[in-house]
């Protein structure tokens, strides 16, 4: 729509674009929710929900299976950073392809911001992948569920925030669950190493920061997801490449993977592809139904990932895993509840007692009659 002002005649001329003219992709995105070429806006809410949940579970369960499968290859565990390098390369290619499919291809976020985001992304994914060389996969997943802990610590010490009872209880439950799970793992797992705990803890800290930085940058500059993926992962690829070159870690990794191309590069391609598709469905789930339902679905997915890990990959098992995992799930529920107290109203103890008394009175009256 064009507005033309004329000071002498004092009138405004308004030109409305025809239907054949293309609108801005940012305006289209308000109504249309497109995931992997599927326009979810054409379906009703229930169908949208099932499509998103199916996408999250299918792609992320395959993602987790392939990640553990790659590290089960004999001799691959020292090359977690090289796997991250290959993963970043694939993500950059996928982001470039997706960016070519939209009309607005301009970079909106400044390069300095992308350098920070890329550094945090390298820390999150690189340290997480490398930790699998020292930890069981279920232990890594349990740690990933507890991102609230570094977020709360950063809020207290950096921003001076105060949290309610539900948030503190959630952090306590998660901490106790992590300690219990880690102790169980150190007791029965033959390959347990505290280095893995340190690596996944640092990855959690980077992950806790990157979400806030990405959200602020995308809202401030109105950038698309494909732009964020392309530039953050391509810059991160350069970071990792320089790091591996300086530490002489690139040559041995390339030599090892060239001897097992299908088990390394082949699995890494599928691993990266399913991870890229999975995050697309998570973002759609958040946009349509909100963070509350998205967290519930992703938590269920992580629980299923742990169960499948014990089924498909032989490893020691103890019921301490179950109890400590339930503590972490309770902490996640308390965290979600604290953020959505207006939507989730749990019955108070007073109402529960009154309800039980009313049930007893009705039973007594029934028996008397």
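Cβ coordinates come from backbone N, Cα and C, glycine included.
If you look up TrEMBL, you'll see 49-67 (among others) marked as transmembrane segment. Sequence-distant neighbours of the transmembrane segment (49-67) (same chain, 6+ residues past either end, Cβ-Cβ under 8 Å): 35-36, 38, 40, 43, 129, 132, 137, 141, 267, 270-271, 274-275, 277-278, 280-282, 284-285, 288-289, 293, 297-298, 300-301, 304-305, 308-309, 312.
Under the heading transmembrane segment, TrEMBL lists 79-102 (among others).
Here TrEMBL flags 114-135 (among others) as transmembrane segment.
According to TrEMBL, the feature transmembrane segment maps to 141-158 (among others).
With a cut-off of 8 Å between Cβ atoms, the residues of this chain six or more beyond the transmembrane segment (165-183) that come close are 139, 142-143, 145-146, 148-149, 152, 197, 320-321, 323-328, 330-335, 337-338, 341. Annotated transmembrane segment per TrEMBL: 165-183 (among others), in sequence order.
Among the features that TrEMBL reports, transmembrane segment is placed at 189-210 (among others).
The feature transmembrane segment is assigned by TrEMBL to 230-253 (among others). Long-range contacts of the transmembrane segment (230-253) within the same chain: residues 78-79, 81-82, 84-85, 88-89, 91-92, 95-96, 98-99, 107, 109, 114-115, 117-119, 121-122, 126, 214, each at least 6 residues beyond the stretch ends and with a Cβ under 8 Å from a Cβ of the stretch.
Sequence-distant contacts of the transmembrane segment (265-285) (same chain, six or more residues past either end, CB-CB distance under 8 Å): 33, 35-36, 40, 51-53, 55-56, 59-60, 62-63, 66-67, 69-70, 83, 86-87, 90-91, 94, 225, 229, 257, 293-294, 297-298. TrEMBL lists 265-285 (among others) with the feature transmembrane segment.
The transmembrane segment annotation in TrEMBL covers 292-314 (among others).
Sequence annotations record features per position, and here TrEMBL assigns transmembrane segment to 320-337 (among others).
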Other parts of the chain folded back onto the transmembrane segment (189-210), taken as Cβ under 8 Å at six or more residues beyond its ends: 117, 120-121, 123-128, 130-136, 139-140, 143-144, 146-147, 149-151, 154, 182, 315-316
